[in-house]
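Trainee: Just passing along the structure, written as C-alpha coordinates.
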(Lines of atoms letter the chains of each structure in order from A and count residues from 1; the text may use other names and numbers.)
(Lines give C-alpha, C1' and ligand atoms only; values in the text may rest on other atoms or scores of the structure.)
Protein backbone atom coordinates (compact mmCIF):
# COMPACT_ATOMS: atom_id res chain seq x y z
CA UNK A 1 0.00 0.00 0.00
CA UNK A 2 1.65 3.18 -1.10
CA UNK A 3 1.59 6.08 1.29
CA UNK A 4 0.57 8.53 -1.40
CA UNK A 5 -2.65 6.70 -2.22
CA UNK A 6 -3.51 5.61 1.30
CA UNK A 7 -6.92 6.61 2.57
CA UNK A 8 -9.31 5.04 5.03
CA UNK A 9 -12.65 6.61 5.92
CA UNK A 10 -13.77 6.23 9.54
CA UNK A 11 -16.91 4.27 10.29
CA UNK A 12 -20.16 6.24 10.28
CA UNK A 13 -23.65 4.81 10.52
CA UNK A 14 -25.95 5.31 7.56
CA UNK A 15 -29.11 7.45 8.05
CA UNK A 16 -32.31 5.67 8.92
CA UNK A 17 -33.96 4.50 5.72
CA UNK A 18 -37.44 5.59 4.69
CA UNK A 19 -40.30 3.07 4.91
CA UNK A 20 -40.40 0.68 1.95
CA UNK A 21 -42.56 1.73 -0.99
CA UNK A 22 -44.93 -1.24 -0.68
CA UNK A 23 -45.64 -0.28 2.98
CA UNK A 24 -46.70 3.22 1.97
CA UNK A 25 -49.06 1.78 -0.60
CA UNK A 26 -50.52 -0.54 2.00
CA UNK A 27 -51.26 2.34 4.40
CA UNK A 28 -52.92 4.37 1.70
CA UNK A 29 -55.10 1.42 0.72
CA UNK A 30 -56.25 0.79 4.31
CA UNK A 31 -57.06 4.46 4.85
CA UNK A 32 -59.26 4.58 1.76
CA UNK A 33 -61.09 1.40 2.75
CA UNK A 34 -61.91 2.84 6.16
CA UNK A 35 -63.24 6.05 4.67
CA UNK A 36 -65.44 4.51 2.01
CA UNK A 37 -67.08 1.98 4.34
CA UNK A 38 -68.19 4.68 6.76
CA UNK A 39 -65.96 3.57 9.65
CA UNK A 40 -64.48 5.90 12.22
CA UNK A 41 -61.37 7.87 11.13
CA UNK A 42 -58.76 9.13 13.64
CA UNK A 43 -58.08 12.77 12.76
CA UNK A 44 -54.48 13.96 12.78
CA UNK A 45 -55.20 17.32 14.45
CA UNK A 46 -57.48 16.12 17.29
CA UNK A 47 -58.54 12.90 18.98
CA UNK A 48 -62.24 13.63 18.28
CA UNK A 49 -64.27 10.75 16.92
CA UNK A 50 -66.24 11.72 13.83
CA UNK A 51 -69.51 9.80 13.42
CA UNK A 52 -70.90 9.21 9.95
CA UNK A 53 -74.64 9.85 9.48
CA UNK A 54 -75.41 6.30 8.42
CA UNK A 55 -73.87 4.66 11.50
CA UNK A 56 -75.82 3.55 14.60
CA UNK A 57 -74.46 4.12 18.15
CA UNK A 58 -73.60 0.47 18.69
CA UNK A 59 -72.06 0.22 15.28
CA UNK A 60 -70.16 3.37 15.94
CA UNK A 61 -68.73 2.02 19.19
CA UNK A 62 -67.72 -1.24 17.58
CA UNK A 63 -66.33 0.56 14.58
CA UNK A 64 -64.43 2.95 16.87
CA UNK A 65 -62.76 0.07 18.71
CA UNK A 66 -61.92 -1.70 15.44
CA UNK A 67 -60.57 1.49 13.92
CA UNK A 68 -58.36 2.15 16.93
CA UNK A 69 -56.85 -1.37 16.77
CA UNK A 70 -56.27 -1.05 13.03
CA UNK A 71 -54.77 2.37 13.51
CA UNK A 72 -52.35 0.95 16.12
CA UNK A 73 -51.48 -1.88 13.73
CA UNK A 74 -50.75 0.70 11.05
CA UNK A 75 -48.26 2.42 13.35
CA UNK A 76 -46.53 -0.87 14.13
CA UNK A 77 -45.96 -1.47 10.45
CA UNK A 78 -43.52 1.42 10.42
CA UNK A 79 -41.01 -0.56 12.47
CA UNK A 80 -38.50 -2.76 10.69
CA UNK A 81 -38.20 -6.46 11.48
CA UNK A 82 -36.40 -6.94 14.77
CA UNK A 83 -37.11 -3.42 16.08
CA UNK A 84 -39.43 -2.60 18.96
CA UNK A 85 -41.57 0.55 19.17
CA UNK A 86 -42.09 0.61 22.93
CA UNK A 87 -45.06 2.84 23.94
CA UNK A 88 -46.34 5.08 21.18
CA UNK A 89 -47.97 8.50 21.58
CA UNK A 90 -51.36 7.11 20.61
CA UNK A 91 -51.43 4.63 23.50
CA UNK A 92 -53.99 4.82 26.29
CA UNK A 93 -53.50 7.94 28.41
CA UNK A 94 -54.32 6.09 31.60
CA UNK A 95 -51.54 3.60 30.92
CA UNK A 96 -49.10 6.45 30.43
CA UNK A 97 -50.22 8.27 33.55
CA UNK A 98 -50.92 5.45 36.06
CA UNK A 99 -48.76 2.55 34.89
CA UNK A 100 -49.52 -0.74 33.25
CA UNK A 101 -52.10 -1.99 35.76
CA UNK A 102 -49.76 -4.01 37.97
CA UNK A 103 -48.90 -1.20 40.36
CA UNK A 104 -45.53 -0.43 38.78
CA UNK A 105 -44.72 2.69 36.76
CA UNK A 106 -44.49 2.23 33.03
CA UNK A 107 -41.12 1.23 31.55
CA UNK A 108 -39.17 3.77 29.59
CA UNK A 109 -39.45 2.82 25.92
CA UNK A 110 -36.30 1.34 24.41
CA UNK A 111 -36.31 2.40 20.80
CA UNK A 112 -34.04 1.12 18.04
CA UNK A 113 -32.22 -1.26 20.35
CA UNK A 114 -31.27 -3.55 17.47
CA UNK A 115 -29.84 -0.63 15.52
CA UNK A 116 -27.76 0.42 18.53
CA UNK A 117 -26.44 -3.10 18.96
CA UNK A 118 -25.66 -3.30 15.25
CA UNK A 119 -23.78 -0.01 15.43
CA UNK A 120 -21.77 -1.27 18.38
CA UNK A 121 -20.91 -4.53 16.61
CA UNK A 122 -20.02 -2.68 13.42
CA UNK A 123 -17.78 -0.32 15.41
CA UNK A 124 -15.98 -3.31 16.90
CA UNK A 125 -15.64 -4.87 13.46
CA UNK A 126 -14.27 -1.59 12.09
CA UNK A 127 -11.77 -1.38 14.95
CA UNK A 128 -10.60 -4.96 14.30
CA UNK A 129 -10.22 -4.25 10.60
CA UNK A 130 -8.21 -1.06 11.14
CA UNK A 131 -5.96 -2.64 13.78
CA UNK A 132 -5.24 -5.44 11.31
CA UNK A 133 -4.38 -2.78 8.74
CA UNK A 134 -2.05 -1.13 11.25
CA UNK A 135 -0.30 -4.44 11.92
CA UNK A 136 0.10 -5.04 8.19
CA UNK A 137 1.60 -1.58 7.64
CA UNK A 138 4.06 -2.09 10.48
CA UNK A 139 5.03 -5.51 9.13
CA UNK A 140 5.60 -4.11 5.63
CA UNK A 141 7.55 -1.13 7.06
CA UNK A 142 5.20 1.56 5.72
CA UNK A 143 5.84 4.05 8.48
CA UNK A 144 3.85 7.06 7.22
CA UNK A 145 0.55 5.19 6.52
CA UNK A 146 1.03 3.37 9.82
CA UNK A 147 1.16 6.68 11.69
CA UNK A 148 -1.93 7.93 9.84
CA UNK A 149 -3.95 4.82 10.76
CA UNK A 150 -2.70 4.98 14.35
CA UNK A 151 -3.82 8.60 14.73
CA UNK A 152 -7.22 7.67 13.26
CA UNK A 153 -7.61 4.87 15.78
CA UNK A 154 -6.67 7.10 18.70
CA UNK A 155 -9.58 9.43 17.86
CA UNK A 156 -12.07 6.61 18.48
CA UNK A 157 -13.44 6.49 22.06
CA UNK A 158 -13.31 2.68 22.18
CA UNK A 159 -9.57 2.44 21.32
CA UNK A 160 -6.87 2.73 23.97
CA UNK A 161 -3.33 2.23 22.61
CA UNK A 162 -1.07 0.03 24.70
CA UNK A 163 2.65 -0.07 25.34
CA UNK A 164 3.19 -2.83 22.77
CA UNK A 165 1.71 -0.74 19.95
CA UNK A 166 3.97 2.20 20.76
CA UNK A 167 6.93 -0.17 20.94
CA UNK A 168 6.26 -1.56 17.46
CA UNK A 169 5.82 1.90 15.96
CA UNK A 170 8.98 3.29 17.56
CA UNK A 171 11.00 0.32 16.29
CA UNK A 172 9.46 0.79 12.81
CA UNK A 173 10.35 4.48 12.79
CA UNK A 174 13.87 3.64 13.87
CA UNK A 175 14.29 1.15 11.03
CA UNK A 176 12.87 3.73 8.64
CA UNK A 177 15.49 6.30 9.75
CA UNK A 178 12.85 8.57 11.31
CA UNK A 179 14.19 9.14 14.85
CA UNK A 180 12.51 12.55 15.23
CA UNK A 181 9.08 11.02 14.63
CA UNK A 182 9.97 8.20 17.03
CA UNK A 183 10.83 10.73 19.75
CA UNK A 184 7.64 12.69 19.07
CA UNK A 185 5.58 9.50 19.38
CA UNK A 186 7.40 8.64 22.60
CA UNK A 187 6.62 12.07 24.09
CA UNK A 188 2.96 11.75 23.06
CA UNK A 189 2.77 8.39 24.82
CA UNK A 190 4.11 9.93 28.05
CA UNK A 191 1.68 12.86 27.80
CA UNK A 192 -1.22 10.42 27.51
CA UNK A 193 -0.32 8.82 30.82
CA UNK A 194 1.58 5.67 29.79
CA UNK A 195 4.68 5.08 31.87
CA UNK A 196 7.86 4.65 29.79
CA UNK A 197 9.79 1.43 30.31
CA UNK A 198 13.38 0.30 29.86
CA UNK A 199 12.42 -1.44 26.61
CA UNK A 200 10.75 1.68 25.17
CA UNK A 201 13.74 3.87 26.03
CA UNK A 202 16.09 1.30 24.48
CA UNK A 203 14.01 1.24 21.29
CA UNK A 204 14.12 5.06 21.15
CA UNK A 205 17.88 5.02 21.67
CA UNK A 206 18.21 2.43 18.90
CA UNK A 207 16.22 4.70 16.56
CA UNK A 208 18.88 7.40 16.91
CA UNK A 209 21.68 4.84 16.58
CA UNK A 210 20.30 3.57 13.27
CA UNK A 211 20.52 7.11 11.88
CA UNK A 212 24.07 7.49 13.23
CA UNK A 213 22.95 10.26 15.61
CA UNK A 214 25.26 9.16 18.41
CA UNK A 215 25.15 12.36 20.47
CA UNK A 216 21.34 12.20 20.65
CA UNK A 217 21.56 8.52 21.62
CA UNK A 218 23.92 9.40 24.49
CA UNK A 219 21.36 11.99 25.63
CA UNK A 220 18.75 9.24 25.86
CA UNK A 221 21.21 7.14 27.85
CA UNK A 222 21.80 10.00 30.32
CA UNK A 223 18.03 10.42 30.73
CA UNK A 224 17.63 6.70 31.47
CA UNK A 225 20.22 6.89 34.24
CA UNK A 226 18.01 9.39 36.12
CA UNK A 227 14.94 7.12 36.09
CA UNK A 228 14.92 4.33 38.71
CA UNK A 229 12.71 2.01 36.63
CA UNK A 230 14.48 2.62 33.30
CA UNK A 231 18.10 1.91 34.14
CA UNK A 232 20.11 0.88 31.04
CA UNK A 233 21.01 -2.80 30.75
CA UNK A 234 23.46 -4.80 28.67
CA UNK A 235 21.26 -4.58 25.56
CA UNK A 236 21.02 -0.78 25.82
CA UNK A 237 24.80 -0.54 26.00
CA UNK A 238 25.29 -3.11 23.24
CA UNK A 239 23.15 -1.11 20.80
CA UNK A 240 25.04 2.09 21.60
CA UNK A 241 28.40 0.31 21.35
CA UNK A 242 27.44 -0.96 17.91
CA UNK A 243 26.65 2.58 16.73
CA UNK A 244 30.06 3.74 17.96
CA UNK A 245 31.77 0.81 16.25
CA UNK A 246 29.99 1.53 12.95
CA UNK A 247 31.15 5.16 13.18
CA UNK A 248 34.72 4.01 14.06
CA UNK A 249 34.53 5.98 17.31
CA UNK A 250 36.35 3.35 19.32
CA UNK A 251 37.29 5.83 22.08
CA UNK A 252 33.57 5.97 22.97
CA UNK A 253 33.47 2.17 23.07
CA UNK A 254 36.11 2.17 25.81
CA UNK A 255 34.14 4.72 27.85
CA UNK A 256 30.97 2.67 27.53
CA UNK A 257 32.82 -0.44 28.73
CA UNK A 258 33.95 1.58 31.77
CA UNK A 259 30.37 2.64 32.50
CA UNK A 260 29.22 -0.95 32.29
CA UNK A 261 31.95 -2.01 34.74
CA UNK A 262 30.94 0.76 37.19
CA UNK A 263 27.35 -0.45 37.05
CA UNK A 264 28.33 -4.14 37.36
CA UNK A 265 26.91 -4.91 33.91
CA UNK A 266 29.13 -7.54 32.29
CA UNK A 267 29.20 -7.61 28.47
CA UNK A 268 27.59 -10.64 26.89
CA UNK A 269 28.51 -12.60 23.78
CA UNK A 270 26.46 -10.29 21.55
CA UNK A 271 28.34 -7.25 22.84
CA UNK A 272 31.71 -8.87 22.27
CA UNK A 273 30.78 -10.06 18.78
CA UNK A 274 29.85 -6.49 17.82
CA UNK A 275 33.18 -5.11 18.99
CA UNK A 276 35.05 -8.05 17.48
CA UNK A 277 33.47 -7.45 14.07
CA UNK A 278 34.10 -3.70 14.30
CA UNK A 279 37.79 -4.10 15.05
CA UNK A 280 38.12 -6.61 12.24
CA UNK A 281 36.45 -4.35 9.63
CA UNK A 282 38.59 -1.42 10.76
CA UNK A 283 41.76 -3.49 10.36
CA UNK A 284 42.52 -3.35 14.08
CA UNK A 285 43.56 -7.00 14.22
CA UNK A 286 45.55 -6.66 17.44
CA UNK A 287 42.54 -5.35 19.36
CA UNK A 288 40.36 -7.98 17.69
CA UNK A 289 42.61 -10.81 18.88
CA UNK A 290 42.58 -9.31 22.38
CA UNK A 291 38.78 -9.37 22.49
CA UNK A 292 38.69 -12.88 21.06
CA UNK A 293 41.22 -14.16 23.60
CA UNK A 294 39.11 -12.66 26.37
CA UNK A 295 36.05 -14.51 25.06
CA UNK A 296 37.92 -17.82 24.91
CA UNK A 297 38.99 -17.41 28.55
CA UNK A 298 35.64 -16.08 29.77
CA UNK A 299 32.94 -18.03 31.55
CA UNK A 300 30.27 -15.35 30.94
CA UNK A 301 30.55 -14.68 27.20
CA UNK A 302 31.88 -17.71 25.40
CA UNK A 303 32.31 -17.46 21.60
CA UNK A 304 29.42 -18.86 19.55
CA UNK A 305 28.65 -19.51 15.89
CA UNK A 306 28.26 -15.73 15.33
CA UNK A 307 31.82 -15.29 16.58
CA UNK A 308 32.91 -18.03 14.22
CA UNK A 309 31.11 -16.43 11.26
CA UNK A 310 32.60 -13.00 12.01
CA UNK A 311 36.18 -14.25 12.05
CA UNK A 312 35.82 -16.61 9.08
CA UNK A 313 34.08 -13.87 7.06
CA UNK A 314 36.75 -11.32 7.96
CA UNK A 315 39.63 -13.40 6.58
CA UNK A 316 37.52 -14.72 3.71
CA UNK A 317 36.71 -11.21 2.49
CA UNK A 318 40.39 -10.29 2.68
CA UNK A 319 41.23 -13.30 0.54
CA UNK A 320 43.33 -14.82 3.31
CA UNK A 321 42.17 -18.37 2.71
CA UNK A 322 44.74 -20.08 4.93
CA UNK A 323 43.86 -17.90 7.94
CA UNK A 324 40.18 -18.48 7.26
CA UNK A 325 40.62 -22.24 7.22
CA UNK A 326 42.85 -22.18 10.31
CA UNK A 327 40.30 -20.25 12.37
CA UNK A 328 37.48 -22.43 11.07
CA UNK A 329 39.25 -25.53 12.39
CA UNK A 330 40.09 -23.79 15.68
CA UNK A 331 36.44 -22.97 16.31
CA UNK A 332 35.47 -26.54 15.45
CA UNK A 333 37.99 -27.80 17.99
CA UNK A 334 36.45 -25.43 20.52
CA UNK A 335 33.14 -27.26 20.05
CA UNK A 336 31.32 -24.73 17.86
CA UNK A 337 29.37 -26.33 15.02
CA UNK A 338 29.02 -24.49 11.69
CA UNK A 339 25.65 -23.46 10.27
CA UNK A 340 24.37 -22.75 6.77
CA UNK A 341 25.69 -19.17 6.88
CA UNK A 342 29.16 -20.48 7.81
CA UNK A 343 29.24 -22.70 4.73
CA UNK A 344 27.96 -19.88 2.53
CA UNK A 345 30.84 -17.69 3.76
CA UNK A 346 33.32 -20.42 2.81
CA UNK A 347 31.72 -20.86 -0.63
CA UNK A 348 31.85 -17.13 -1.28
CA UNK A 349 35.52 -16.89 -0.23
CA UNK A 350 36.55 -19.85 -2.40
CA UNK A 351 34.53 -18.49 -5.31
CA UNK A 352 36.23 -15.10 -5.25
CA UNK A 353 39.61 -16.82 -5.45
CA UNK A 354 38.25 -19.08 -8.24
CA UNK A 355 38.94 -22.17 -6.15
CA UNK A 356 36.04 -24.02 -7.74
CA UNK A 357 37.06 -27.46 -6.46
CA UNK A 358 36.91 -26.37 -2.81
CA UNK A 359 33.71 -24.47 -3.51
CA UNK A 360 32.10 -27.62 -4.90
CA UNK A 361 33.43 -29.69 -1.98
CA UNK A 362 31.72 -27.43 0.55
CA UNK A 363 28.44 -27.65 -1.38
CA UNK A 364 28.64 -31.45 -1.45
CA UNK A 365 29.45 -31.47 2.27
CA UNK A 366 26.32 -29.39 2.91
CA UNK A 367 24.22 -31.96 1.04
CA UNK A 368 25.83 -34.77 3.00
CA UNK A 369 24.99 -33.11 6.34
CA UNK A 370 21.46 -32.24 5.11
CA UNK A 371 22.14 -28.49 5.15
CA UNK A 372 19.85 -26.95 2.53
CA UNK A 373 21.25 -24.79 -0.25
CA UNK A 374 19.80 -21.33 0.17
CA UNK A 375 19.46 -18.22 -1.96
CA UNK A 376 22.80 -17.04 -0.54
CA UNK A 377 24.43 -20.34 -1.56
CA UNK A 378 23.38 -19.91 -5.18
CA UNK A 379 24.20 -16.19 -5.14
CA UNK A 380 27.76 -16.92 -4.04
CA UNK A 381 28.22 -19.43 -6.86
CA UNK A 382 26.67 -17.06 -9.43
CA UNK A 383 28.90 -14.27 -8.14
CA UNK A 384 31.99 -16.44 -8.53
CA UNK A 385 31.24 -17.07 -12.23
CA UNK A 386 30.09 -13.48 -12.67
CA UNK A 387 33.44 -12.01 -11.60
CA UNK A 388 35.27 -14.18 -14.12
CA UNK A 389 32.77 -13.45 -16.91
CA UNK A 390 31.83 -17.14 -17.18
CA UNK A 391 28.31 -16.56 -18.53
CA UNK A 392 27.74 -20.23 -19.38
CA UNK A 393 28.20 -21.61 -15.85
CA UNK A 394 26.52 -18.52 -14.38
CA UNK A 395 23.39 -19.17 -16.44
CA UNK A 396 23.45 -22.87 -15.61
CA UNK A 397 23.54 -22.07 -11.87
CA UNK A 398 20.73 -19.53 -12.23
CA UNK A 399 18.55 -22.00 -14.15
CA UNK A 400 19.13 -24.68 -11.52
CA UNK A 401 18.27 -22.15 -8.81
CA UNK A 402 14.91 -21.39 -10.42
CA UNK A 403 14.23 -25.06 -11.20
CA UNK A 404 14.53 -25.88 -7.50
CA UNK A 405 12.03 -23.13 -6.70
CA UNK A 406 14.62 -21.04 -4.88
CA UNK A 407 13.66 -17.39 -4.52
CA UNK A 408 15.83 -14.88 -6.32
CA UNK A 409 16.68 -11.51 -4.78
CA UNK A 410 18.37 -8.25 -5.69
CA UNK A 411 21.89 -9.68 -5.27
CA UNK A 412 21.06 -12.47 -7.73
CA UNK A 413 20.31 -9.96 -10.47
CA UNK A 414 23.23 -7.72 -9.53
CA UNK A 415 25.57 -10.65 -10.09
CA UNK A 416 23.87 -11.59 -13.38
CA UNK A 417 24.06 -8.02 -14.72
CA UNK A 418 27.75 -7.72 -13.82
CA UNK A 419 28.48 -11.17 -15.20
CA UNK A 420 26.93 -10.42 -18.60
CA UNK A 421 28.75 -7.07 -18.69
CA UNK A 422 32.07 -8.79 -17.95
CA UNK A 423 31.32 -11.29 -20.72
CA UNK A 424 30.45 -8.50 -23.17
CA UNK A 425 26.87 -9.77 -23.58
CA UNK A 426 25.16 -6.39 -23.27
CA UNK A 427 21.92 -7.53 -24.91
CA UNK A 428 21.52 -9.98 -22.01
CA UNK A 429 22.06 -7.15 -19.55
CA UNK A 430 18.92 -5.51 -20.94
CA UNK A 431 16.86 -8.71 -20.81
CA UNK A 432 18.05 -9.36 -17.24
CA UNK A 433 16.97 -5.87 -16.12
CA UNK A 434 13.59 -6.46 -17.76
CA UNK A 435 13.24 -9.83 -16.00
CA UNK A 436 14.02 -8.19 -12.66
CA UNK A 437 11.22 -5.70 -13.28
CA UNK A 438 8.83 -8.49 -14.23
CA UNK A 439 9.63 -10.39 -11.02
CA UNK A 440 9.30 -7.14 -8.99
CA UNK A 441 12.82 -7.43 -7.60
CA UNK A 442 13.51 -4.47 -5.26
CA UNK A 443 15.69 -1.84 -6.90
CA UNK A 444 18.19 -0.63 -4.31
CA UNK A 445 21.52 1.18 -4.57
CA UNK A 446 23.40 -2.05 -5.34
CA UNK A 447 21.04 -2.83 -8.23
CA UNK A 448 21.57 0.57 -9.86
CA UNK A 449 25.31 0.28 -9.28
CA UNK A 450 25.32 -2.97 -11.26
CA UNK A 451 23.47 -1.33 -14.17
CA UNK A 452 25.81 1.71 -14.05
CA UNK A 453 28.76 -0.73 -14.09
CA UNK A 454 27.36 -2.34 -17.25
CA UNK A 455 26.81 1.06 -18.93
CA UNK A 456 30.35 2.15 -18.07
CA UNK A 457 31.68 -1.14 -19.42
CA UNK A 458 29.80 -0.51 -22.66
CA UNK A 459 31.02 3.12 -22.63
CA UNK A 460 27.43 4.28 -23.04
CA UNK A 461 27.73 7.39 -20.88
CA UNK A 462 24.37 8.80 -21.95
CA UNK A 463 22.56 5.69 -20.71
CA UNK A 464 24.70 5.73 -17.56
CA UNK A 465 23.50 9.27 -16.79
CA UNK A 466 19.87 8.23 -17.36
CA UNK A 467 20.28 5.34 -14.91
CA UNK A 468 21.92 7.71 -12.39
CA UNK A 469 18.98 10.10 -12.65
CA UNK A 470 16.44 7.28 -12.26
CA UNK A 471 18.39 6.08 -9.23
CA UNK A 472 17.88 9.44 -7.52
CA UNK A 473 14.24 9.65 -8.61
CA UNK A 474 13.64 6.28 -6.94
CA UNK A 475 15.12 7.58 -3.65
CA UNK A 476 18.12 5.24 -3.87
CA UNK A 477 21.06 7.31 -2.54
CA UNK A 478 24.32 6.94 -4.50
CA UNK A 479 27.27 5.62 -2.50
CA UNK A 480 31.03 5.80 -2.90
CA UNK A 481 30.94 2.91 -5.40
CA UNK A 482 28.48 4.82 -7.61
CA UNK A 483 30.64 7.93 -7.75
CA UNK A 484 33.85 5.96 -8.22
CA UNK A 485 32.50 4.07 -11.26
CA UNK A 486 31.11 7.20 -12.90
CA UNK A 487 34.21 9.29 -12.25
CA UNK A 488 36.39 6.57 -13.82
CA UNK A 489 34.08 6.42 -16.85
CA UNK A 490 34.27 10.21 -17.35
CA UNK A 491 38.03 10.25 -16.87
CA UNK A 492 38.49 7.66 -19.61
CA UNK A 493 36.64 9.99 -21.96
CA UNK A 494 38.50 13.09 -20.75
CA UNK A 495 35.33 14.77 -19.46
CA UNK A 496 36.94 16.74 -16.66
CA UNK A 497 33.92 19.02 -16.13
CA UNK A 498 31.72 16.00 -15.39
CA UNK A 499 34.36 14.65 -13.03
CA UNK A 500 34.45 17.95 -11.14
CA UNK A 501 30.66 18.10 -10.80
CA UNK A 502 30.48 14.56 -9.44
CA UNK A 503 33.27 15.14 -6.93
CA UNK A 504 31.50 18.27 -5.68
CA UNK A 505 28.24 16.36 -5.38
CA UNK A 506 29.96 13.56 -3.52
CA UNK A 507 31.33 16.00 -0.96
CA UNK A 508 27.87 17.43 -0.37
CA UNK A 509 26.34 14.02 0.15
CA UNK A 510 26.37 12.97 3.79
CA UNK A 511 27.17 9.33 3.20
CA UNK A 512 26.84 7.19 6.30
CA UNK A 513 28.26 3.72 6.64
CA UNK A 514 25.95 0.74 6.08
CA UNK A 515 24.08 -0.50 9.09
CA UNK A 516 24.02 -4.12 10.09
CA UNK A 517 20.23 -4.36 10.56
CA UNK A 518 20.37 -8.09 11.25
CA UNK A 519 22.61 -7.60 14.27
CA UNK A 520 20.47 -4.69 15.51
CA UNK A 521 17.27 -6.74 15.21
CA UNK A 522 18.96 -9.54 17.16
CA UNK A 523 19.71 -7.10 19.97
CA UNK A 524 16.13 -5.82 20.10
CA UNK A 525 14.67 -9.31 19.97
CA UNK A 526 16.66 -10.67 22.92
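Using the three backbone atoms N, Cα and C, a Cβ is placed for every residue, glycine included.
Note that TrEMBL annotation is computational and uncurated.
When I checked TrEMBL for this same protein, it listed these features:
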type     : residues : note
COMPBIAS : 54-69    : compositional bias 'Low complexity'
COMPBIAS : 88-97    : compositional bias 'Polar residues'
REGION   : 53-111   : region 'Disordered'
REPEAT   : 162-196  : repeat 'PPR'
REPEAT   : 197-231  : repeat 'PPR'
REPEAT   : 233-267  : repeat 'PPR'
REPEAT   : 268-302  : repeat 'PPR'
REPEAT   : 304-338  : repeat 'PPR'
REPEAT   : 339-373  : repeat 'PPR'
REPEAT   : 374-408  : repeat 'PPR'
REPEAT   : 444-478  : repeat 'PPR'
Trainee: Along the repeat 'PPR' (197-231), what average pLDDT does this model show?
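Mentor: Here the predicted model's pLDDT, averaged over the repeat 'PPR' (197-231), is 95.
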Trainee: Using DSSP, how many residues in the repeat 'PPR' (339-373) fall into helix, strand and coil?
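Mentor: Secondary-structure composition of the repeat 'PPR' (339-373): 26 helix, 0 strand, 9 coil.
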Trainee: Quick test of the contact rule: Cβ under 8 Å, at least six residues beyond the ends. What residues does that give for the repeat 'PPR' (339-373)?
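Mentor: Distal contacts: 305, 308-309, 312-313, 315-317, 319, 321, 324, 328, 380-381, 383-384, 387-388, 404, 406.
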